[in-house]
């Protein structure tokens with residue numbers, strides 16, 4: 001896509017401005033194979049948020065089983081089937097700058113081919129991208145970030 005790499009978080013001096021809470025209780029407390037962790041996870045989340053000008057905040061990422069994602073998809077989207085990733089923004093819709101509670105990303109590994117893509121896609125939704133109005137731009141930003149991202153284990 002671009003030789004320049006992914007968008008860099010504004011004002012980021014290498015330290016994380018996005019706090020990430022990773023919830024793994026439902027999957028036995030262990031990260032599934034292919035899930036970015038540590039610095040790789042921080043970089044993916046921070047870079048996706050930076051695409052909308054968000055430079056700090058808090059994101060919760062939950063890794064869940066098929067039954068949980070199916071129930072959430074039915075309750076919140078009226079779709080009676082499991083899915084790969086759901087996003088639940090907290091501080092309103094649309095891009096925002098500044099510290100805020102960004103929301104939750106819920107990922108089901110059983111329905112996800114690339115967990116890195118699910119993380120990026122979910123965070124892009126939290127910072128205001130959506131399929132109806134930003135689909136082309138959102139997918140281009142997502143592809144650019146994933147081009148940089150280390151391949152899954």
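Glycine residues also receive a Cβ, built from the backbone N, Cα and C atoms like all the rest.
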Identity of the Zn(2+)-site residue among 111, 131 (reference: 121, 125, source: TrEMBL):
131
Quick note, residue 131 (Zn(2+) binding site): same-chain residues at least 6 apart with CB under 8 Å of its CB -> 138
Within 10 Å of the Cβ of residue 121 (Zn(2+) binding site), how many other Cβ atoms are there?
23
Would you mind checking how many other C-beta atoms are within 10 angstroms of the C-beta on residue 125 (Zn(2+) binding site)?
22
